[in-house]
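Student: Got a structure for you, questions after.
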Amino acid sequence: MQFTLSAVVLALAGFSAALPAESMNNGLQHQNGTPRFPVPDSLTIEQAQAKCGDQAQLSCCNKATYAGDTTDINSGILGGTLSNLIGAGSGASGLGLFDQCSKLGAQIPIVIGIPIQDILNQQCKQNIACCANSPSTASGNLVGAALPCVALGSIL
């Protein structure tokens, strides 16, 4: 009798862990691919750099991860128990860090007036961020602290 009860409990636990989680898309990008924190269409690179300040560099980032902003809804008695133990839960990729960033700089206008390359949304279609002037990686330094980037749309 005890063997049967324990076999049933293990089978239910395995079944609930095997069910796929319903993932809520509350991360940086929405399902249609637009950034979570958009910037106004008329914002120029100079205005955006002024918002970032002199201690940060205006950057265009391909990847962003926000831990705690995603929610996995698991159904079942022990749903999600094993996934949280192996590190596959909400925010498993990191905490509010941007990755694969390239610096955006002001270009010299070729035509009189505001050139098309001066509009920020024409330069970067991904995530626009203000990144600290130090590298945002923790590898190879004594302190081991990574200084992340902040989404420009969140501080406007």
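Glycine is no exception: its Cβ is also placed from the backbone N, Cα and C atoms.
Per Swiss-Prot, disulfide bond is recorded for Cys52-Cys130, Cys60-Cys124, Cys61-Cys101, Cys131-Cys149, and the stated evidence type is similarity to another entry. The annotation signal peptide is assigned in Swiss-Prot to 1-18 on the grounds of sequence analysis.
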Student: So of all those disulfide-bonded residues, Cys52, Cys61, Cys130, which one's Cα sits nearest to Cys124 (disulfide bond)?
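Tutor: With Cα distances computed to Cys124 (disulfide bond), the winner among Cys52, Cys61, Cys130 is Cys61.
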Student: Based on Cα distances to Cys52 (disulfide bond), point out the closest of the disulfide-bonded residues Cys60, Cys61, Cys101, Cys131, Cys149.
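Tutor: When the Cα distances are compared, Cys131 comes out closest.
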Student: Please identify which of Cys60, Cys101, Cys149 has the densest Cβ environment, defined as other Cβ atoms within 10 Å, among these disulfide-bonded residues.
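Tutor: Result for the most crowded candidate: Cys149.
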Student: Are there any residues in the same chain, six or more apart in sequence, whose C-beta is under 8 angstroms from the C-beta of Cys61 (disulfide bond), and if so which?
Tutor: Phe98, Asp99, Gln100, Cys101, Ser102, Gln126, Asn127, Ile128, Ala129, Cys131, Cys149
Student: Rounded to an integer, what is the Cα-Cα distance in Å between Cys60 (disulfide bond) and Cys130 (disulfide bond)?
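Tutor: Spelling it out, the Cα of Cys60 (disulfide bond) and the Cα of Cys130 (disulfide bond) are 9 Å apart.
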